[in-house]
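Asker: The xanthine binding site annotation in TrEMBL covers A:L20, A:N27, A:K156. The annotation domain 'Phosphoribosyltransferase' is assigned in TrEMBL to A:34-156. Annotation source TrEMBL lists 5-phospho-alpha-D-ribose 1-diphosphate binding site at A:A128, A:N129, A:G130, A:Q131, A:A132.
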Protein chains: 2
Amino acid sequence: MDLLKRKIETEGRVLSNQVLKVDTFLNHQIDPELMVEIGKEFAQRFKDDKITKVLTIESSGIAPGLMAALELHVPVVFARKRKSLTMVNDLLTASVHSFTKNETNEISVSQKFIEPTDNVLIIDDFLANGQAALGLAEIVEKSGANTAGIGIVIEKSFQDGGQLLRNKGFKVESLAQIASLENGKATFLDEAEVVL
Amino acid sequence: MDLLKRKIETEGRVLSNQVLKVDTFLNHQIDPELMVEIGKEFAQRFKDDKITKVLTIESSGIAPGLMAALELHVPVVFARKRKSLTMVNDLLTASVHSFTKNETNEISVSQKFIEPTDNVLIIDDFLANGQAALGLAEIVEKSGANTAGIGIVIEKSFQDGGQLLRNKGFKVESLAQIASLENGKATFLDEAEVVL
């Protein structure tokens, strides 16, 4: 998705070989028009997958998840990272380790929002080690529903999450795939391949 | 906003005289089309207030905040409730007590995303005691910017937050104002007034 790649090039900040900061448009400040285009792109890539529900995770997955759901004309559900006092019964849960935050969270979704007949599209902002997506897929499996696909805004292809998910047979669509963050620069997978 | 009130009547669950659960369309599962209408309504109510930025708070403020920002053609920023490892410098912070969750969080926004010239619209899903909105307004004040208004999806008018904010001179626009949750039923302020 060229619009997104150009945004990453102009506004993303490479903090290390591992960390790309995109807080000007994706996960702290959000560019609403870009999110609309991201939603349209996800809808296009999963248009034949009979999606009945989008599942994402708070907080940074909500904006792209909501826009994908809007375009697909289905509801979106976001998993919570901590239980709230008013959400205690019939929870589907999974453990997710975040390497960025160096902590393990129990993520949870009310069982009533994912039905066994659902065809679920999982959406998240980043894919690195794949732990969040795997946790969401685990929740879908526990509900008896089907994970029809996984849509990622930015995949760090030099980490193993993408391969892990694809090896498990999931259809993974990433709107920008980053081959490397070396030398303070984001290099995209398709553009790196052209050079090779 | 009638569409919202009817949604509350048909899908909201009154758990006690204090607690209204709207997790089927607002703060766990989200109805994207309803959010579009909520965004349009906020944009209409603040169209003359020269808004340059929407400020909300994770996680449940993100969907209505994003849609309001989309309609107003401005960016949206969401305050975080915990610091992330990659967001450490130049933070604007405020302490916010949540009565629902019975905990105090430090909320924070990167200083660079609210400039002194900004005219900020604060958006949140619920207004009860007003603590979250006050914390967001405190952050805006610390940045040197102006709080042009506060937009709330559901105001529990029987709690004191709305009065508190209006007494401080803020323009507060709530799309549904609930006068009472007694007898297991949500009664709206304007409809309660008609009865009186």
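Glycine residues also receive a Cβ, built from the backbone N, Cα and C atoms like all the rest.
A description of the local structural setting of each listed feature is requested, covering burial, neighbours and distances.
Answerer: Following the DSSP three-state reduction, the secondary structure of A:K156 (xanthine binding site) is strand.
The number of other Cβ atoms within 10 Å of the Cβ belonging to A:A132 (5-phospho-alpha-D-ribose 1-diphosphate binding site), over all protein chains shown, comes to 28. A:A132 (5-phospho-alpha-D-ribose 1-diphosphate binding site) falls within a helical segment according to DSSP.
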Asker: Output the one of A:L20, A:A128 that, of all these binding-site residues, has the highest number of other Cβ atoms within 10 Å of its Cβ.
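Answerer: The largest 10 Å Cβ neighbour count belongs to A:A128.
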Asker: Could you tell me the C-alpha distance between A:K156 (xanthine binding site) and A:A128 (5-phospho-alpha-D-ribose 1-diphosphate binding site) in angstrom, no decimals?
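Answerer: Cα to Cα, A:K156 (xanthine binding site) and A:A128 (5-phospho-alpha-D-ribose 1-diphosphate binding site) are separated by 5 Å.
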Asker: So, three-state DSSP: helix, strand or coil for A:N27 (xanthine binding site)?
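Answerer: The three-state answer is coil.
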Asker: Between A:A128 (5-phospho-alpha-D-ribose 1-diphosphate binding site) and A:N27 (xanthine binding site), what is the CA-CA distance rounded to a whole number of Å?
Answerer: 15
